[in-house]
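Asker: Sharing the feature lines straight out of TrEMBL:
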type     : residues                                                       : note
REGION   : 1-32                                                           : region 'Disordered'
DOMAIN   : 256-405                                                        : domain 'Fido'
COILED   : 262-319                                                        : coiled coil
ACT_SITE : HIS339                                                         : active site
BINDING  : ASP343, GLY344, ASN345, GLY346, ARG347, THR348, CYS349, ARG350 : ATP binding site
Amino acid sequence: MPNHKRKSLSQGPFDGLQNENNHTGKTPAPRRQRFDALFDDPDDYILDNHLGRSIRRMLSPLSKEALVINMDDDAYEYNILQKSPKELHQELRRHITDVKEGLEQSEDKSDLDEHIIDELARMVYGSNMIENVGGGLDFTLKLCKDVFRGGKEPPEEISERDPDYEQLEIYLSNNDLPCKHADILQSYREIVQHAKAARFMIEQVCINSKGLSEDIIVQAHGDLTYKIEISEHISWNVYSGRYRLWNVQCGSHVFMDHSKVRIAMRDMIEELESDIKKATNKGQIDPVALASKYCHQFVNTQRDMIEELESDIKKATNKGQIDPVALASKYCHQFVNTHPFGDGNGRTCRLILNTLLIKYGGGCPIVSIGQDGRDRREYLRIAVAQSMAQLAFFTLQHARDSMLRLKEATKLRVSVLNDEKTRVNLA
């Protein structure tokens, strides 16, 4: 069987990193820190295990919507041959309104709950494909949906007798990827742990109404990378859920010195809180711009990012409006340019992107970036360009498409229910 070294598609902008310390031996594994204090409060436990249902309830017209979704005019950069951000934003808001109206007419919403976890599962698949990890689409959807439904979760490991084992082995072999026993188990974990990390972050920030914090980001990264080795020389418990202790670079681009990462992450969270406060004061928000901003920032600082995020949230709250797309894009961008972890930064920044979109978009949208080769290439082009405004526009396109799919699913469900009522009345 082929046994070529597995290479991430994003080894240009994200994960093709060189350790300046040039590790040549296995570092002794320090004790892995977990943030169990997050769960000490019994109110932290989610009574409804179905994540799709919990998110759908955020879309209910009866739910308290703190901020009006409005466009941040300065957040987007686009090609003049494309639809303008203003047009896309109008379509996005119209689809959100239509979905909420459709939910009022629908009695049985279980199909919509399943649609939402399908979108979440595709989010995991696309993000994994950008890094060239995980497995095929159908296999990924099956495992992720088990995690998001909240029933019996997939086991931590699978044996050679398990049908899933054989399916993964065939996938890896067909794609000329390493397919030894350890490779198969790692690919399996790259799916399951990604879904668990997504569930954790979304539940904490969106369902339990917590602010995005350093602790939540670090815990989610620990879940994402649990038992996933970087290389023969760097064990998972050296970097999983921990800020990196070495410097990294990609080609000629050198990421932030490791000694500055912790302060940078805190500053980013403070900036986010400030953005939210501004939007709250204004009474409106652009969730796409917000999410894109901090997705971008994540891959640059972490303490700085958290402080800036808190500031943005505060400003949005004071303003009474927010652009969740602009907000999410901003902090996704910031995070990935901080590159705080030894590995998994790209996947973590995209979890931040979607978590902020769901929270400040009122339960939507969910953007599944990287579903096909063309989409992955465009995302990576933007990453190389390090353009937050291009990321925001790219995210806005996906947000509009995501809400259109949910709108069509809602209309289909309402149509089916109306047909059933008609048949009953005629009987």
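Every residue number used here counts from 1 along the chain in the order it is shown.
In case you wondered, yes, glycine gets a Cβ from its N, Cα and C as well.
Mind mapping these onto the model and telling me what they sit next to?
Answerer: Mean model confidence of the domain 'Fido' (256-405) amounts to 87 (pLDDT, 0 to 100 scale).
Annotation note: HIS339 (active site) sits in a coil segment as assigned by DSSP.
Just so you know, the Cβ of THR348 (ATP binding site) picks up 28 other Cβ atoms within 10 Å once every protein chain is counted.
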Asker: Could you round the CA separation between ARG350 (ATP binding site) and HIS339 (active site) to a whole angstrom and send it over?
Answerer: 13
Asker: Do any residues at least six apart in sequence from ARG347 (ATP binding site), in the same chain, have a Cβ closer than 8 Å to its Cβ, and if so which, in order?
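Answerer: Spatial neighbours, sequence-distant, of ARG347 (ATP binding site): SER127, ASN128, ILE130, GLU131, HIS194, ALA197, LEU224.
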Asker: Take the Cβ of GLY344 (ATP binding site) and count every other Cβ within 10 Å, whichever protein chain it belongs to.
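Answerer: Around the Cβ of GLY344 (ATP binding site), 27 other Cβ atoms lie within 10 Å.
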